[in-house]
Amino acid sequence: MTNNSYKMNEETIKKTNQCLRCLKSRNMIILIVFIAITLDNVLLTTIVPIIPELLHFNRSSLQHNCTDDNCSNSGNHSVDDLHIKIGIMFTIKPLVQLIVNPFIGLITNRIGYTIPMFTGFVILFASTILFAFGNNYYLLLVARAVQGVGSACSSVSGMGMLASYFVDEVERGRAFALALSGLAIGVLIGPPYGGATYQFISREAPFLILAACAMIDGLLQLLALKPAVQRENQEGSSLLDLLKDPYILIAAGSITFGNMGIAVIEPTLPLWMKTTMNSTEWQQGVVFLPASISYLVGANIFGPISHRIGRGNSAGLGLVINAGCLVAIPFVKRMEHLIAPMFGIGFAIGMVDSSMMPIMGYLVDLRHTAVYGSVYAIADVGFCIGFVIGPVIGTSLVKAVGFRWMIWIIAIVCFLYAPLTLFLRKVQKKNDSSLEITVCKSIDSLTEQSSNDE
């Protein structure tokens, strides 16, 4: 009995050590960031098919109680008002995230990534509960804003953590591709999940289930990350220095314009489908499935191989594909015909994100100090700008020029930005900038001499 118990104790110790090694492995870091991004994007997109129906229901109740004269006036403006309210709902979260991001970047540079990461989980959990029990439009706005703070914490600290743990460019590209898969899966699950559960179960169910899933991520963070203050060995470059770097600005701009197309579509496409195709809430959610699946495919293909073909080339091609697919959407007359352009849009965004996120860390390694909080705050700001400007421009342009020209204008902007990514093919070290200045001065002096000779 003693020998058997001794062997059992040895096996238990071995299994415990294996679990501890698993918790401390770099793959666990990817898993934690993956889950955080997934849950954030499920919550983000769950309301995509729900919010038009919620607002439409409230408007119908008001119209039912109004007089005949008021009803005729309200009917003329109801669709426009609905567009504006949906635009605000989709804008508030990235707007708050945009404002908070720089502060999170500075905080991670001083105290490390684990505490902001865990803070993001706590705030996301609180936001989910607010969504579950918010019974009017303004409470939903508050919940959406709170989610923006949590997203800033999770995104900046998560991306910075991946960049610091995975230094090799190939490994870093793979790690970012796997983590960004959470974005695709979250967007993939969110709309159909929200539409189906809202229509067939109840309004609160999707948010309460998400809150329970968030608890799992929080538990993993407590066990694996053990949130504590972890100061960097060296001081990172200031946010202003990073913003002066043209390569970083080009990469951040690529993320902005790469995601602006889907940001424009999210608040406008469901209502356009409802008016032109008489689609249901479930159909309005399912239409985003091809984009989510193809984002997953594009990110995991181009995450590892974009290092070989050039991350700038990959992002530029993605922007061109994105523009072409946007142009095709207004010609669609049936729901099933949206599959091809939506698939192309998701694939293109996957190309851009999986190429530009790793290059942000590479630019800091090459041209600045290898402290990643601030640069990924800039990357997330670029992402948020697309989702702040997108819904505002989209809903405003729909009212001004119609859905068709709104989509085409965004496509033209994406296409015109694409050539700038070619500058990312050969990135020079920071010290080499003096050579560029010297060359420019030499050219200027030669020009002056030639003009004097004449």
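Placement of Cβ uses the backbone N, Cα and C atoms for every residue, glycine included.
Feature annotations, courtesy of TrEMBL:
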- 26-429: domain 'Major facilitator superfamily (MFS) profile' (DOMAIN)
- 28-51: transmembrane segment (TRANSMEM)
- 82-104: transmembrane segment (TRANSMEM)
- 111-133: transmembrane segment (TRANSMEM)
- 145-167: transmembrane segment (TRANSMEM)
- 174-193: transmembrane segment (TRANSMEM)
- 205-225: transmembrane segment (TRANSMEM)
- 246-265: transmembrane segment (TRANSMEM)
- 285-303: transmembrane segment (TRANSMEM)
- 315-332: transmembrane segment (TRANSMEM)
- 338-364: transmembrane segment (TRANSMEM)
- 371-393: transmembrane segment (TRANSMEM)
- 405-424: transmembrane segment (TRANSMEM)
Would you confirm whether the transmembrane segment (405-424) and the transmembrane segment (315-332) meet the contact rule of 3 or more C-beta pairs below 8 angstroms, pairs 6 or more apart in sequence?
yes
Winner by Cβ pairs under 8 Å against the transmembrane segment (82-104), considering only 28-51, 111-133, 145-167, 285-303, 371-393
371-393
Highest Cβ pair tally under 8 Å against the transmembrane segment (205-225), stretches 28-51, 145-167, 174-193, lands on 28-51
Are there three or more C-beta pairs under 8 angstroms joining the transmembrane segment (371-393) and the transmembrane segment (285-303), sequence spacing 6 or more?
no
Near the transmembrane segment (145-167) in space but 6 or more residues beyond its ends, with Cβ under 8 Å, are 26, 29-30, 32-33, 36-37, 40, 43-44, 92-97, 100-101, 104-105, 108, 113-114, 116-117, 119-124, 126-127, 130, 174-176, 179, 357-358, 360-361, 364-365, 370, 372-373, 376-377, 379-380, 383
Report, as numbers and ranges, every residue of the chain located at least six residues beyond the transmembrane segment (246-265) whose Cβ falls under 8 Å of a Cβ in that stretch; write 'none' if there are none.
90, 94, 291, 315-316, 318-319, 322-323, 325-326, 329, 345-346, 348-349, 352-353, 355-357, 359-360, 363, 367, 375, 378-379, 381-383, 385-387, 389-391, 393-394, 406-407, 410-411, 413-414, 417, 420-421, 423-424, 427
